[in-house]
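Peer 1: The structure under discussion is supplied below as C-alpha cells; questions concerning it will follow.
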Amino acid sequence: MTANNSTDQKLDKAVRVAVLGAAGGIGQPLSLTLKMNIHVKELSLYDVSPHVSGVAADLSHIDTPAKVSWHTPDNGGLPAALDGCDFVLVPAGVPRKPGMSRDDLFKINAGICAELASGIAQYCPTATVLVISNPVNSTVPVFAEVFKKNGTFNPRKLFGVTTLDSVRADTFIHEVMPDLNWGLIKVIGGHSGDTIVPLLSTVLGQDIKSLSHMQLHAINHRVQYGGDEIIQAKKGLGSSTLSMAYAAQKFFTTVLSSYLGLTDKNIACTFINTEFDNEALDGVNELKQIVRKLTGRPDLDLKYFAMPCVFGPNGIERVQYECLEHLDSTEVEMVKVCCETLPSNYSKGIDFVRGK
Ligand SMILES: NC(=O)C1=CN([C@@H]2O[C@H](COP(=O)(O)OP(=O)(O)OC[C@H]3O[C@@H](n4cnc5c(N)ncnc54)[C@H](O)[C@@H]3O)[C@@H](O)[C@H]2O)C=CC1
Ligand SMILES: O=C([O-])CC(=O)C(=O)O
C-alpha cells in the first residue's frame with residue numbers, strides 16, 4: 001500500500017484492537033472492516049471457537065498494515081489476546097432466535113461478558129471498550145460492575161453500541177423523505193424494544209408535520225423492533241450481523257478518530273453509565289435532571305441511558321443533554337415508557353455481578 005506524507009503521519013498514530021467473539025456472525029465482518037482500517041496496526045482476534053484461526057489466516061492476506069493474530073483459550077487465551085490493546089470490541093455471546101427477547105439471552109451472555117470484562121480489567125485496564133453483546137441494557141452494567149470491582153472503571157471509555165438503531169432510523173426515514181441529509185438522527189434510551197427512543201423531530205423540525213401520525217408511528221416502531229425483522233427473515237439462523245458490523249465500524253471510526261485527534265467534535269449516540277456527576281462525565285447531571293422532569297419522576301434513579309455524546313482523545317468529553325430540551329409530545333411519551341423498563345434491565349446486570 002502506498003502512502004503519501006499526510007497518511008504517513010496518521011499511520012504513526014495507530015492502535016492495537018481486540019475483537020472478542022471474532023469467529024461469529026458479527027465478529028467476522030467486523031474484523032474485516034478493522035483489517036481495512038489504516039489506523040489499526042494490530043488486530044487481535046479471540047474466540048472460544050477454533051474457527052478463529054481460519055478467520056485470522058483469511059484476513060492476513062489482505063494488503064493493509066494491520067498485523068493479525070488469533071487466540072483461543074488453548075492458544076494464548078485472554079492474556080495474549082488483550083495485552084497492550086487500546087480498544088476492545090465485544091460481539092461474543094449467543095444471538096436471538098425467533099420468539100426470543102434480548103432479555104432471554106442474559107442468562108448465557110452475562111456470564112460470558114463477566115469473564116471477558118475480568119480479562120480486560122487484568123490485561124488492558126485502560127482500553128476503550130465497545131460492548132455489542134446483548135442484552136446491551138444489561139451487559140454494559142455487567143462490564144461496569146466488573147471494572148468497578150477491579151478499580152479500573154472509567155465511564156468515559158465504556159460504551160454500549162446502539163449505533164444500529166441510529167442507522168435504522170436514518171434508513172427508514174429516508175424511505176419516506178429521500179431528500180434529508182444522512183446521519184443526523186439521534187436515538188436515545190436503551191437498545192431493546194420500547195426502551196429505544198428515536199428523536200425524529202430534532203432533525204425533521206417543522207417537516208415532521210408532512211408525515212401522518214401513522215407514518216411516524218410506523219417508523220418509530222420499525223426502529224424499535226427492527227431486530228425482529230432480521231431474525232424472522234433469517235429463519236432461525238441468527239440476528240443482524242452485516243448491518244451490525246457496519247454500525248459497529250461506524251461507531252468505532254468516530255471514537256477512534258477522536259482518540260487519535262484526527263478530527264474533533266465527533267458525535268455519536270451510545271449507551272453509557274450515568275451514575276457519576278459532571279466531574280466524571282460533563283453534562284450527565286443535566287441529563288438526569290431533564291429526564292426526571294420529562295417523566296414526572298423526581299426520584300428516578302437513572303444509572304444508564306443512551307445519549308448523543310461528544311468524543312475526544314480521552315473518550316466521552318460531554319453528554320449532549322440539550323437534545324432533550326425540545327422533544328415533541330410523542331417523544332416525551334416514549335421517554336416515559338423507556339424509563340419504566342430500563343431500570344430493571346440495568347439492575348439485572350448490576351445485581352448479577354454483585355451476586356444478589
Ligand atoms: N448491539 C447490537 O445492536 C447488536 C447486538 N447483537 C448481539 O451480538 C452478539 C453476537 O451475535 P452474533 O455474532 O450474531 O452471534 P454468533 O453466535 O454468530 O457469534 C458469537 C461468537 O461469540 C463466540 N463466543 C461465545 N462465547 C465466547 C466467549 N466466552 N469468549 C469469546 N467468544 C465467545 C462464539 O464462539 C461465536 O463465534 C449476540 O449477543 C447478539 O444478540 C447482535 C446484533 C446487534
Ligand atoms: O435483535 C437482535 O437480537 C439483535 C439486535 O440487537 C438488533 O438487530 O438490533
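Backbone N, Cα and C atoms are what each Cβ position is placed from, and that goes for glycine too.
From TrEMBL, here are the annotated features:
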type	residues	note
ACT_SITE	HIS191	active site, proton acceptor
BINDING	ARG96, ARG102, ASN134, ARG168	substrate binding site
DOMAIN	15-160	domain 'Lactate/malate dehydrogenase N-terminal'
DOMAIN	162-352	domain 'Lactate/malate dehydrogenase C-terminal'
Peer 1: Have a look around ARG168 (substrate binding site) and count the other CB atoms within 10 A of its CB, chains all included.
Peer 2: 25
Peer 1: Please list, for the domain 'Lactate/malate dehydrogenase N-terminal' (15-160), how many residues fall into helix, strand and coil according to DSSP.
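Peer 2: Within the domain 'Lactate/malate dehydrogenase N-terminal' (15-160) the tally stands at 59 helix, 32 strand, 55 coil.
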Peer 1: Counting across all protein chains shown, how many other Cβ atoms sit within 10 Å of the Cβ of ASN134 (substrate binding site)?
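Peer 2: The answer is 26 other Cβ atoms.
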Peer 1: Which binding-site residues from the set ARG96, ARG102, ASN134, ARG168 have a C-beta atom lying less than 6 Å away from ligand 2?
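Peer 2: ARG96, ARG102, ASN134, by Cβ distance under 6 Å.
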Peer 1: Within 10 Å of HIS191 (active site, proton acceptor) (Cα to Cα), which of the binding-site residues ARG96, ARG102, ASN134, ARG168 do you find?
Peer 2: ARG102, ASN134
Peer 1: Which residues of the same chain, at least 6 positions away in sequence, have a Cβ lying under 8 Å from the Cβ of ARG96 (substrate binding site)?
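Peer 2: When sequence neighbours closer than 6 are ignored, ARG96 (substrate binding site) has ARG102, ASP104, LEU105, ASN134, GLY227, ILE231, SER239 within Cβ distance under 8 Å.
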Peer 1: So of ARG102, HIS191, which of the recorded positions has the fewest other Cβ atoms within 10 Å around its own Cβ?
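Peer 2: Candidates: the recorded positions ARG102, HIS191. Fewest Cβ atoms within 10 Å: ARG102.
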Peer 1: How would DSSP class the residue listed as 'active site, proton acceptor' in three states?
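Peer 2: Reduced to three states, the DSSP call for the residue listed as 'active site, proton acceptor' is coil.
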Peer 1: Could you give the mean pLDDT over the domain 'Lactate/malate dehydrogenase N-terminal' (15-160), rounded to a whole number?
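Peer 2: A mean pLDDT of 98 is what the predicted model shows over the domain 'Lactate/malate dehydrogenase N-terminal' (15-160).
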